[in-house]
Ligand code: ATP
């Protein structure tokens, strides 16, 4: 048993734990109510994927780690669901690949921005970007366009988990190389990604970190080969096939 009253032997243990963390996020003012809906949608896809990291997602997570290690200015974007589900894991990944963390919200309010930044600091983040908001992503309305000039705006590689499709598309149009975590292989965000990860964020982030640790001393040439050999549409097609063929317990 952990912070939630569900025995680990329960067949839906992880799913219930995840739901509980999102509920807590809403109570703490970190996650929006729309975040609850996004969570429900994610759970449905995760169920259809067998609630496990499928082999093509594991390969994509290794490519994501290589892409982050090669990046000059990597940034990990954090929204209300990400902060509720994997705050410590995002801080750990940022440390391993030497990335900045930036808070970025679909429904931006000063209060929620500050609550998330404080929550990330409680989980070990030294610096949290996103509050300066002195630059804009072209093609989006004012509030959703706000980013930090020395954060996402200047990044070459951005990890955007559970991102809304408009923003993911606008970031790709800016020339960012995007790593998207999204359980829906048909979402516009997954389709805009250079590296789509069709996996639950609670499994994906620690797995990227594990791969990054393993490859930390690898030659840049080897890392580049990983990135170049990767085909995003193949990864999406594989996840979709898995959902269609699913052998559900
Ligand atoms: P789009 O605009 O890209 O078509 P959308 O309107 O569905 O997508 P949101 O509602 O913001 O966008 O969706 C959030 C996405 O995050 C959904 O596709 C959902 O499946 C996914 N998601 C939710 N929870 C998780 C999770 N824990 N791990 C990974 N993905 C998740």
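Every residue gets a Cβ built from N, Cα and C, even glycine.
The following features are taken from TrEMBL:
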BINDING   19, 41, 182, 183, 184, 188, 189, 200, 201  ATP binding site
Under 8 Å by Cβ from residue 189 (ATP binding site), same chain, sequence gap 6 or more: 160, 163, 164, 165, 167, 168, 169, 180, 182
Where residue 182 (ATP binding site) sits in the secondary structure, as DSSP reduces it to three classes: coil
Intrachain C-beta neighbours of residue 201 (ATP binding site), sequence separation six or more, cut-off 8 angstroms: 81, 82, 85, 86, 161, 162, 181
Most Cβ neighbours inside 10 Å, all chains, among the binding-site residues 19, 182, 184: 182
Local backbone state of residue 19 (ATP binding site), from DSSP in three classes: helix
